[in-house]
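**Student:** Below you will find the structure I want to go over with you.
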Amino acid sequence: MAQLQVTLEVAAGDLDAVDGALELAGALSQTYQADDGTVLLEPGVGEHPLWEQVRVDALFPPETDPDALHTLLAGQLGERLRGWQAETLEDRAWEREWLDHFRPMAFGERLWIVPTGAEPELPAGAVPIHLDPGLAFGTGTHETTALCLEWLDGEPIAGRNGLDYGAGSGILAVAAVRLGAACCMAVDNDPQAVVASRENAERNGVAEDVPSYAVDQRPAYCADFLVANILASTLVDLADELRDGVRVGGRLALSGILRGQEQQVMDAFQGGIAWDAPRCCGDWVLVSGTRTA
């Protein structure tokens, strides 16, 4: 399907307002890119890149009238609407652009993220996760997602039940089941993310083992392992809920944490977790541990 792509130049302080306006205007997905070329596709729940200046590429349905869209956004954003560009990405051009950017990527010893439709030669024992060119909400390219994927790859989760809190695309829940977990529930507060999780689970043949729910609609569930890739402030606010989401003796991994924030996150759990040494990737940190009480 062709897409209308709108590009804006956004100051970091205006990003929340612009993000919300684009979503309300019907954006299907958004990509953030810094001046240095760093790309972040559809940040996780509540996550925003900490850059001074951000280029935002937003995709809209092909029937969207760009002039009417500009008028709508200008009315909402005023002077914050800067750098406007609009172009139509035809079917082949859009998919080609995605495939050119996303090569198969390895995480840990076994996991590979592969664009749907690509058939790369992977090493023996590789566990591929297929993602769609039109995917929103995360692809593994961001450091926090990479840290979580590598953690899952190194954990003995075979036959166990997991919980992916703030699942976005469901990439972590899908990866867990593809690595041998019996089940991994994906929960998110964004309805589009719930749909994306279900679609990606179906795409990878694990739909029955990756149930997806809105946060406030999920059934009671206590997991053997839990992974949450959301902002540090949200992890702090949800510490009790996250701790209670995993059984005593179970494992949890938390990311979306900037260097220097890890102690604040761990302290929020007020004991009851035996923490491992933090793992770092760039400016980001993953903390993991075992629930002891």
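Don't overthink the numbers, they just go from 1 along the chain as shown.
Just so it is clear, glycine is given a Cβ too, placed from its N, Cα and C backbone atoms.
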**Student:** If I go by Swiss-Prot, which of Gly117, Gly166, Gly250 binds S-adenosyl-L-methionine at the same site as Thr145, Asp188, Asn229?
**Tutor:** Gly166
**Student:** Return one of helix, strand or coil for Asp188 (S-adenosyl-L-methionine binding site), based on DSSP.
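**Tutor:** Its secondary structure by DSSP: strand.
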